[in-house]
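Visitor: Sharing a structure with you now.
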Amino acid sequence: MHLYLSFFVQVLLWMGRDVLSVEECPKMVINSCDDCIKSGPFCVWCKQQNFTKEGESDAVRCDTRETLQKGGCKEANIISPKNSQTLVQDVPLSHATAANKEPVQLKPQEIKLVLRPGLSETFKLKFKRAEDYPVDLYYLMDLSYSMKDDLERVKNLGKDLLKTLRSITSRARIGFGSFVDKTSLPFTNTNPEKLKKPCPDEENRCQAAFGYKHVLSLTDNQNEFNKRVSAQYISGNLDTPEGGMDAIMQAAVCGNKIGWGNSTRLLVFATDAGFHMAGDGKLAAILEPNDGKCHLDAGLTYSKSNEMDYPSVGQVADTLSENNIQPIFAVTRNIADVYKKLKELIPKSEVGVLSGDSSNVVSLIENAYTTLSSNVIVSHGDLPDHVTVTYASNCEGGQRSDTTGTCDNVGISKEVTFDVTVRADKCIGENSFLIGPLGFSEKMKVVVTTHCQCDCKDVVGANDCSGKGQVTCGICSCFQGSVGQNCECQVEDKGEDRLKAQCQPDNMTVCSNLGDCICGVCNCHTSEDGRAIYGTHCECDDRSCDVHQNKLCGGNGKCDCGKCVCNLDYDGNACECKKSKDACKKGNSQTLCSGRGTCVCNVCKCKDGYTFPFCEDCPGCASPCSEAANCIECLGFQTGPFSKNCSGLCPKIQYTIVEKLSVKKPCKEKDSENCFMIFSMEELDGVGYYNVVIQEKKVCPEPPNLLAIAGGTVGGVALIGFLLLLLVKALLYVKDLKEFQRFEKERRMALWNKAENPLFKTATTTVQNPNFSED
């Protein structure tokens with residue numbers, strides 16, 4: 001399956017290559033051989049004498065090789081400069097030896113290309129990883145307070161680091177630098193006491209806040225590394241992101257201070273936090289952009305930390321590439337995703353996850369180095385204007401093309417080849433640029449210039465140019481007093497004004513300002529946009545015709561002096577119309593546009609209301625049913641106002657009468673007897689022509705039933721009266737009910753007290769003797 005797919009893709013690429021390689025010559029303004037070869041990579045020049053016909057422009061000499069050969073130009077007379085390449089320095093690939101301490105990993109070392117504009121040139125670039133190639137490792141560590149445990153681990157790291165690196169190469173060196181952040185708000189507490197001791201833990205030793213500090217230059221002395229790192233103490237800042245981009249920039253550009261050598265340069269960036277980037281400095285009123293230069297003071301501290309903004313990621317990526325430094329981001333798990341995204345923006349970089357106390361940093365560095373060193377990416381520096389470069393990588397796994405040359409898993413002493421293709425789109429002077437594998441100091445110099453002048457090597461004959469001129473690339477350069485394609489015309493014989501007048505139609509401009517008047521004949525140029533100029537006075541061209549659908553002459557004809565000459569089946573000013581009218585007929589009908597429009601360019605232009613494509617329907621028109629009612633009554637029932645002259649008043653209607661009409665929406669119109677006529681109408685070709693089907697029997701309404709009307713009226717009045725009585729009765733009942741309920745409520749609320757009648761006299765009287773008592 002994969003084999004077939006691969007074969008299919010290769011076939012497509014081969015077909016695409018043929019399509020893309022079609023040779024065309026745009027022929028801009030052509031007055032000489034030099035102009036011709038600048039016009040395009042496939043433009044060639046015919047230097048053959050007498051190749052042009054009388055009155056033809058010398059621009060005819062410029063075209064594709066095939067066209068010129070068809071026109072009679074011999075191969076020996078065709079001028080077409082070729083690309084060339086010269087190896088200036090090509091030392092063979094080799095490992096380091098006692099005699100030659102520096103290995104050669106890249107060849108050739110210098111090449112010179114002479115290119116024709118628009119024509120690509122390919123050369124091979126070979127690379128082989130040398131054995132025992134030196135490694136420089138600079139350990140750049142975040143010393144913010146959260147990295148306290150990690151610093152203790154790194155203080156004894158020198159021995160293990162060098163041991164691991166020396167298992168790879170005998171020439172290994174290590175260095176150390178540290179960073180925190182800018183010492184200004186809001187990044188760091190600017191209280192004087194806090195600047196001196198920014199750590200929150202009072203018991204631990206803490207160094208003053210700083211941005212970046214170079215501690216130890218690259219060395220192979222592990223004891224010196226341990227000693228200098230052991231003297232470092234933790235520091236601190238306020239916000240979470242650190243000033244790591246400042247530190248990377250200074251470590252990259254301060255090569256003399258760091259001590260970078262001709263080696264594989266590794267920068268280990270250890271942190272547990274994110275990073276500030278360009279623009280963040282504005283929070284501290286730091287507005288000056290980072291200049292990408294070294295600013296280490298006498299104490300090896302970044303002196304412009306509080307004066308310049310952080311560098312951008314793009315600046316850092318470019319600087320690392322320019323200095324062949326490969327960063328290894330040794331970060332904690334919580335921010336690994338951030339640095340993995342950063343890795344995508346910085347070529348030749350790796351990300352490793354640190355353990356909580358950096359105990360795995362040595363194995364992390366070893367794994368990252370293995371990955372980086374085996375991944376060969378060939379790229380180039382700044383290119384001259386109008387120059388492009390592409391690569392095809394010939395690796396062990398096959399070939400692939402890209403804007404960079406890439407091969408993975410390249411082992412030591414393994415050789416890989418890259419096909420480098422260079423193209424100059426315009427004429428340029430001599431320029432140069434560098435190509436090389438990222439992370440390696442070796443570069444190849446490519447010197448490029450363009451071939452924009454013809455070397456015709458004309459053979460001079462005694463009778464050339466009528467003996468009154470000199471041949472240059474097949475064109476006569478006439479001596480003073482002579483003009484013409486072959487210098488055959490003497491200005492003194494005819495007079496310059498007379499010759500000039502022959503090139504001026506009706507006192508207009510000479511040759512319409514589009515040609516040269518030579519011996520009274522216009523020799524027309526080609527225009528800047530490639531138009532062919534011709535005519536007696538250069539008044540014609542092949543581009544000034546009408547355009548249809550963004551195509552000259554609709555793509556259906558040729559432009560001849562401002563007018564379209566259409567192909568056989570087309571017509572119109574822009575050849576936009578097909579002569580055929582078949583598309584204006586529906587089905588087998590021979591009527592154009594249903595008789596309700598005109599056929600223009602094989603397309604119906606319908607009358608108002610009728611719709612495309614055949615003008616059959618008129619959605620906005622009034623229903624014809626009511627307009628045809630009198631004719632229907634006349635034709636179908638011989639009654640109505642048209643009955644006396646039915647055929648004369650209704651000549652456009654064909655009709656049939658059926659017993660029962662079965663259509664979904666028939667016409668239903670009243671006749672003169674107030675009966676409804678039922679019929680259907682089908683519009684025929686033309687305006688007002690119909691085919692009508694009429695139902696035999698009309699639908700007439702029955703006469704009114706007077707008894708039913710009277711009975712209904714009386715019954716209705718009686719019913720209304722009865723309902724009114726019921727309503728009055730109901731209202732009175734409701735009123736009485738409410739009065740009774742109110743009476744009952746008042747009765748229940750009344751209070752009655754017991755008392756004797758004041759008029760009542762009891763029958764018994766009791767008298768008490770005061771002198772008598774029980775005592």
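Backbone N, Cα and C atoms are what each Cβ position is placed from, and that goes for glycine too.
TrEMBL labels come from automatic prediction, so no person has curated them.
Relevant sequence annotations retrieved from TrEMBL are reproduced here:
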DISULFID  Cys36-Cys73  disulfide bond
DISULFID  Cys199-Cys206  disulfide bond
DISULFID  Cys254-Cys294  disulfide bond
DISULFID  Cys478-Cys487  disulfide bond
DISULFID  Cys489-Cys503  disulfide bond
DISULFID  Cys517-Cys522  disulfide bond
DISULFID  Cys519-Cys553  disulfide bond
DISULFID  Cys561-Cys593  disulfide bond
DISULFID  Cys601-Cys646  disulfide bond
DISULFID  Cys606-Cys615  disulfide bond
DISULFID  Cys618-Cys621  disulfide bond
DISULFID  Cys625-Cys634  disulfide bond
DOMAIN    24-74  domain 'PSI'
DOMAIN    32-454  domain 'Integrin beta subunit VWA'
DOMAIN    625-705  domain 'Integrin beta subunit tail'
DOMAIN    729-775  domain 'Integrin beta subunit cytoplasmic'
SIGNAL    1-21  signal peptide
TRANSMEM  706-732  transmembrane segment
Visitor: In the structure shown, with every protein chain counted, which of the disulfide-bonded residues Cys36, Cys254, Cys561, Cys601, Cys634 has the densest set of Cβ atoms within 10 angstroms of its Cβ?
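Guide: That would be Cys36, with the most Cβ atoms nearby.
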Visitor: Write down the Cα-Cα distance for Cys206 (disulfide bond) and Cys294 (disulfide bond), rounded and given in Å.
Guide: 27
Visitor: Write out the long-range same-chain contacts of Cys593 (disulfide bond), meaning residues 6 or more apart in sequence whose Cβ is under 8 Å from its Cβ.
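Guide: When sequence neighbours closer than 6 are ignored, Cys593 (disulfide bond) has Cys584, Cys599, Cys604, Lys605, Cys606, Phe614, Cys615 within Cβ distance under 8 Å.
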Visitor: Of the disulfide-bonded residues listed here (Cys36, Cys73, Cys487, Cys634), which is spatially closest to Cys254 (disulfide bond) when Cα positions are compared?
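Guide: It is Cys36, whose Cα lies nearest.
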Visitor: Could you check what DSSP calls Cys606 (disulfide bond) once collapsed to helix, strand or coil?
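Guide: Going by the DSSP assignment, Cys606 (disulfide bond) falls within a strand, counted as strand.
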Visitor: Take the C-alpha atoms of Cys553 (disulfide bond) and Cys561 (disulfide bond) and report the distance between them in angstrom, rounded.
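Guide: Rounded to a whole number, the Cα-Cα distance is 12 Å.
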Visitor: For the domain 'PSI' (24-74), what are the DSSP-based totals of helix, strand and coil residues?
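Guide: Tallied per class, the domain 'PSI' (24-74) gives 17 helix, 5 strand, 29 coil.
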Visitor: Can you tell me which disulfide-bonded residues out of Cys36, Cys73, Cys199, Cys206, Cys503, Cys634 are within 10 A of Cys517 (disulfide bond) by Cα, answering none if there aren't any?
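Guide: Hits: Cys503.
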Visitor: Starting from the Cβ of Cys487 (disulfide bond), draw a 10 Å sphere and report how many other Cβ atoms land inside it.
Guide: 22
Visitor: Fill in the CA-CA distance, Cys618 (disulfide bond) to Cys625 (disulfide bond), as an integer in Å.
Guide: 14
Visitor: For Cys634 (disulfide bond) and Cys646 (disulfide bond), determine the Cα separation and express it in whole Å.
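Guide: With the alpha carbons as reference points, the distance is 6 Å.
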Visitor: Checking your reading of the structure: which of the disulfide-bonded residues Cys478, Cys487, Cys519, Cys522, Cys601 lie inside a 10 Å Cα sphere centred on Cys503 (disulfide bond)?
Guide: Cys519, Cys522
Visitor: For the disulfide-bonded residues Cys489, Cys615, Cys618, work out the Cβ neighbour count at 10 Å and name the residue with the minimum.
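Guide: If we count Cβ atoms within 10 Å for the disulfide-bonded residues Cys489, Cys615, Cys618, the smallest count is at Cys618.
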Visitor: What three-state secondary structure does DSSP assign to Cys553 (disulfide bond)?
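Guide: Cys553 (disulfide bond) sits in a helix per DSSP.
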Visitor: Which site among Cys73, Cys199, Cys478, Cys522, Cys621 has the most other CB atoms no more than 10 Å from its CB, taking these as disulfide-bonded residues?
Guide: Cys522
